[in-house]
């Protein structure tokens, strides 16, 4: 599943293509969204933003389109009138005079209003977004020590969007390597220095990934040029200590780590 940095980079491309422009053609695959097709034509796309792994598209008459890519959803930017050849199922087409944005394969799509947006179950449940630059390591540390999070193992906690939105499996792996922590630990077991190191890594790694990822290549892990230290490096040497990177399954996801320096 694409993680927060990939969703934010996709949103950046959508913003460049259609924000501030008037819609000339709108198409939705799902019957419940069909009534909005004619309503949205002539409206402007005011803003596109991410909340964790969800994407929100704001229109000039206060409608908000909610979409979540889940495992297989992907956005594409094309020229107006263009329909790329693909085996994916088209879900959304929002077209302006010169560009169009297309959503394929996703199924979690809803039309909301500014009034109903805050009541959406997913948006109510998620924690602060790791790519929100106003979020500080001190605030993350406070969150780690909240009663509902402090005794949860990091292997599961770092996948829980209620803790911090936008994290996922490769970020979980890389963050714990950076913090030199084994996945079975909990925040309640850490000393002050370890808490500070983990809190910084929880923000630095996702932001570094967002700032250093390239054009999507579907044959790679979401087009990553971000330098993985342990993810997908089973059997290789750890660059920090020379130990052997291992792979196991944690919370039903593959987990990569160096048992020698992650303790």
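All residue numbers here begin at 1 and follow the chain in the order shown.
From the backbone N, Cα and C atoms, a Cβ is placed for every residue, glycine too.
Feature zinc finger, per Swiss-Prot, maps to range 229-263 of the set 194-228, 229-263. A gap of 7 Å separates the Cα atoms of residue 253 (active site, proton donor) and residue 169 (DNA binding site). Broken down by DSSP into helix, strand and coil, the zinc finger (229-263) contains 0 helix, 12 strand, 23 coil. Of all the binding-site residues given, namely 70, 125, 169, those whose Cα is no farther than the 10 Å limit from the Cα of residue 53 (active site, proton donor) are 70.
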